[in-house]
Every structure is written in structure tokens, then in C-alpha cells.
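A.B. asks: Before I ask anything, let me first share the structure, which is written out below as C-alpha cells.
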Amino acid sequence: MWNKRLIKTEDRMEKKKLLIRGMHCVSCAQNLENSLKKVSGLQEIHVDYSTSQADIIFDENKVSFASLEKHIKKMGYESYPFRPSLDEDRRIKQKEIQNTFKTFLIAAVLSLPFVIQMLAMMSGYAFSIPPTWQFFLATLVQFGCGGTFYRSSFYALKNWQINMDVLVVLGSTAAYLFSFYVYLLKLSYSFYFESSALIITLILFGRWLEAVTKGKTSKALERLYHLQPKIARIEKNGEMIEVDVASIQVGDIFMVRPGDHIPVDGWVIEGESSINESLLTGESLPVYKKQGSKLYAATINETGYLKGQASSVGSDTILAQILRAVEKAQSSKAPIQKFVDKISAVFVPCVLLISCLTILIWTFLIGDFTNGLINAVSVLVIACPCVLGLATPAVLVVASGVGAQYGIFFKQASSIEQSEKIKFLFLDKTGTLTKGIPSVMGIYPNAKYLKNDVLQIAASLENCSSHPLAKAILNEAKEEGILLKIVKEFNSFIGKGITGTMDEKVYYLGSANFAKEMGIEIDPAFSLLEEQGESLVFVWTDHQLLGMITIMDELRKESMEVIRLLKLKGIYPILLTGDRKYVAETIAKKLGIEDARFELLPDDKMQIIREAKSSGKVGMIGDGINDAPALAEADVSFALAFGSDIAIEVADITLIRNDLMSLVDAIDLSQQTMRKMKYNLFLAFIYNVLAIPLAAFGLLNPMIAAGTMAMSSVSVIANALLLRYWKPEINRNNVERIVKV
């Protein structure tokens, strides 16, 4: 993880990650990156607009970091050391959003009289703002609220580069200066102060919408950091002492008590226990550990005392690898606005050329400088990219609201773009396709006993246990109204089972192997149930089997329908799980999934997705911390809101409700949203493309040009608002789901 401190690489090369403030579009990031590439001694540079971060690798013998910071400042941006575990970075971004909103609000208030004047004129009322007041209001908006555009344009042009702010400055300034010229000389032409003011105001509104979408800084990395234990108990000079986890070295001996987190990756050298590894595997059942078993940092020791030996520490642990994977995959994502900015890079020079040609042709060929100037201003005003700034954010805001009504939350525009192109969809098993909670599937009593007899004995014993399967048996007993007996002389055999005395008789509960050790004969046919993914719990006493209880993480009732609908959409589903082979294959067969991958660690899942991306767009849905790297690596990722906070933070789309059908809805809504976005962009450019020639030929004066610009903005917003009427059109086949609220 790159932090404020520098990380040494080969020779004198150094790496550093920075938070960049002041970038307003993808062109800003591209311009900064291209400018830094020219600096001698800078080996590698990547500036990511979506995360406002920059990764640099430089030779400190050729260039100092201080000089790089000065270069960034010279470009008009501010840089800060990237510190993912601190609140300062979030504060900086939040402050930027608040400042943008305040500027927009001031501009909106100052521009309101112009809006009232325009509406009054359209309604036939004789209302006009005095020229001096028009000049005063427009000046405040132009150079006060619009100051950020001038600063950005200055630095861009200073470095021989063009961004969208240059368009804003050209269009609004042309309208303002022409109006100022008319006002100063008291000419008979109309004022266009309202055009310059509304141009600035609408662009600020679009920028605020974008900032809100982009500025929700992910807390995933910070929360992952918090999973790392800070203190550990290690053996030193024959004594156990508490030390900082960061000071543990490979080969150190550490002690873990029940309830403690494993401090580093290592091996068990003494003791037995059950470890909760859901952080890594996503599976709810604990894993039995004994001498020689592998231990992973941040997993939880549930029962016995363990002594382990460190094998991987610091950045080499599995958890550290998850941290790096999430950060790398997140920072590599690009927003949909990149397409708009690329076109704008070509659009700006073309508009400038047309505007210059307009005034030259009208002046020298027609001999009318005044109309030439008016027409040139009209070209610049009609070409103002207000509508470009609103087209995508407006649709995204509406789509987010509509999606929330149906349990779908989009984090960024790129996730919508990618969702409609998904070819492969990887699905986590536990908590996604299944309920994530083990439950009793069946009770099989000996011929001499009743089901409730077996359940009563099992529940009474499990009432003294903290094993995850105990909760399933106790819940079943509660539903059946079973009264529990008092258990005496309770004892637990880690990884095997439990025993206790009831009514002066000793009862046992545990695995098949434990039962066999106690001389109980187990019917080989029971293994068929285990092959179907069910956990078998046996109950016996005095060498007599009383019965068996099967427990399983039950499939969601809508899972099969979801898989069917995904296939109808041409999406190929693939199951990913850390569970055993026969469990994965059984689940896949039930759901109609042809491809199942099993016994996977987080890095394995991420690698599988990385390889699949070469064959088409890849989606991933999961709910656990262990899914975070895979979710971040996928082109588009979905997380269930009732799952891990980390998965939710990393994922592009969150399914808010406990309804897997919303996965299909999310894909369908993404398709509709992308259609709206593309249509909005079409409207944005068609207005400009058709109107620019009309303005150049004198068929549109600046007022009509401004009106056309305003109408184009209204059109794209109105088109976006139509998305509010979207409803899921998927045939549910009577699958139960939570209705819209």
C-alpha cells in the first residue's frame, strides 16, 4: 500500500501515491499526466480522474519529489500525500463538493432575475431588468462564480492544452463582452447578459451533480485496515509478551486465545481450535485447526488456545494482498464521461475555427463587421457545453432514484455502462445464492425414537455450545416448541463434538468420525446426503445411535429463476466458492449452472475474473469481505446490502433489498439508463451541430442561440426524467419479492 512514506524500489526509483484536487474532467487528468510525462526522471505516471489519485514512479537522482509537486501546482492543481486510513482525504473531497454547491447556489440566486425576465417576456409581460443591474448581476456570476473556469482555462492554455472549461469561458465570455460592449456604448442591440450568467450557472449545476457522484469516497480500504489486529502476544525469552503486530518477524512464536484475531499468517505448532475464516472464504462454518494447520491474519479463533509460528507478515499476508488488490482494481476504473471529454477535445478547436471564419467571412466578404461579430458570438454561445455537462449526470441521478425504489443502488456511471455489456457473471455461493444461515434440513430418528426426541436431546446439548451449527438446531427446536433439558457435566471435543449428562444419562452429539471413534456404526448411505452439501450431526448414547440431523445453508427460493433469466439475457453464469468440490457441484447442478469453481481463496477468485475479462465483459456478485478483490477486479460488480460492508463499499452496484431478483432488475435498468444517456448525448450534439451553421449564417442571433442552448439542456433533463417511469419488465413467474415502496 502506498502511503505518505516512500517505498523503495530497485536502484533509486521511488513510488508515491497522491490525492489530486482541482481536476474537473478527464481532460484535466489527461493533460496533467501528459505534462508530467515530459519531466526528466519520471519513469511512470498514471492520473485517475475517477478517484482523483495519481501514481508516480520517479528516479530521485534525476528529479526530486518537491519539484514534481511544484510542477503539479504550476499546472493549476493541488497535491496531497494519499493516506487511505485517515479522515483528511475524505474531508478534502467533501469540502470540494460543498464549495462547488455553494458556488452554484450563489450563481443560481444571482441568475434568478434573468430567468424571471425571460419567463415574463415569453408570457407577454413587459418586465425588464435595468441595464445597470443586468451588468452588475452578470459580472458577479461571470467573474465571481465563474472564476474557477477562468483559472482552469488559464493553466490549460498556458500549457498548450484544451479542456471543457475553455469552452465554458469562450462561450460565456463572448456573450458577456458583447453585452458589455453594447451597454458601454449604449448601442441599440439587445443585451445577452442572461446568456453568460445562465451558461455559468448551468455548468456549475452539472459540475455539482458530477462531484456528488464522484466524491463519495470509498471507505472500503480504511475498513479493511481496521480488520488488522494491532496487538499480538509473542513468545520471547520463554515469556509471552504483548507487542505491536507490525514488529512480528517471520519465525516468531505467537499465542492466540479464544476470541482473538490471528495476528499474522502462520502455522499451528501447538493446540487445537475452530477458526472463523469467513473473512477469506466467505463460508459460515468454522474450520478445525490442529498442529500443522495453516493460519491467516485477521481470522478469528473461536474456541481453544493456539500457539502458532509466523510464516508471512506485513505486506505478505493474505489480508495485505486483499488490500492491495482492492486498491489496484478500484483505481483502474474509468468514468463514462471520458467519451464526452474526448469529443470535446476535438469539438473546441472546431468551434473556434468556425467562429473565426464566421467573423472573417462576414467582415471581408460581406462587409458587415457588426453582424459578423454577432454571428460569431452566436456560434460560441450555441456551442457552449452546458448540455454536455448535464447529459450524463442527469440520467444517473434519476436512475439512482428509480433504482433505489426497487432495491438497486448505482455508485458511478461506469457501472451502468458496463452492466449492459456483461457476458460472464460470477456468483458467490454463501449469502448470495444461499441464505447464508445454516438451517436444519431434516431429522432422521432411530426406529425407537421420535423426531422431537432427537431434536430435544440435540438442542439441549447445543444450548451449552457456541458452534455455528448449534444456532441452527436451537432455532429448529424453538420453532417446534421443544423444551430444553438441563445438561450437566458438559464437555466439548474441538473439531469433533460435544457431550453432556441429562436425566443421569450421558449423551453425545458430533460428526460421523467422532461417532465411529465411540463405537457407533454409521450407515454408508448417509454419505450421499453429505455429497449433496449437507452437514451431518449424529446423536447417540451408550453405543446406540438415536438419530441424525442434517444441516445446510439453504438456497434462496429465487436463485434458480435468477439463473434462468440471466441465461435468457445471454449472460453465462459461473459459480465461485471457497466450499468443497461436491458441495459446489451439487449447488450448481440444482441451479442449472454449468461452470462451478470451488475451494477458492480471494486471490484465486480475482485471478479467475482477471483471466475471463479477456473474453468479454465480466460481472461479479458477492456479499463477503472475501469477495472484495474479485468485486473490485470485475468490470462491474454487485453486492448485497445485507452482506459485508467492505463488499458494499467496493462494489459498483449495491442491491439494497434481500431479493436476488434485483440483480436482474439492475442489469435491465442499466440497459434502459444507457439508452437514455446515449440519446441525451445525441440531443446534446445534434443541437450544436444543427445550430452552429444556422448561427454562422446569421439565422440565429445570440438570444436565440442562448434559448436553443437552454432548450437543449431542458430536453436532456426531460428525457432523463422519463426514466422515472421505468419498472421491471421481467416475468417473475410468481417468485416472491418485496414490492416497491
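From the backbone N, Cα and C atoms, a Cβ is placed for every residue, glycine too.
As annotated in TrEMBL:
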| type | residues | note |
| --- | --- | --- |
| DOMAIN | 14-80 | domain 'HMA' |
| TRANSMEM | 103-127 | transmembrane segment |
| TRANSMEM | 133-150 | transmembrane segment |
| TRANSMEM | 162-183 | transmembrane segment |
| TRANSMEM | 189-209 | transmembrane segment |
| TRANSMEM | 343-365 | transmembrane segment |
| TRANSMEM | 377-402 | transmembrane segment |
| TRANSMEM | 679-697 | transmembrane segment |
| TRANSMEM | 703-723 | transmembrane segment |
A.B. asks: Is it the case that the transmembrane segment (162-183) and the transmembrane segment (343-365) touch, counting contact as three or more CB pairs under 8 Å in which the residues of each pair are 6 or more positions apart?
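C.D. replies: In contact, yes.
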A.B. asks: Within the domain 'HMA' (14-80) only, compute the mean pLDDT.
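C.D. replies: Result for the domain 'HMA' (14-80): average pLDDT 81.
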A.B. asks: Is the transmembrane segment (189-209) close to the transmembrane segment (103-127), in the sense of at least 3 CB pairs under 8 angstroms with a sequence gap of 6 or more?
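C.D. replies: With 3 or more qualifying Cβ pairs, these stretches touch.
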A.B. asks: What does the DSSP secondary structure composition of the domain 'HMA' (14-80) look like, as residue counts for helix, strand and coil?
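C.D. replies: Within the domain 'HMA' (14-80) the tally stands at 22 helix, 25 strand, 20 coil.
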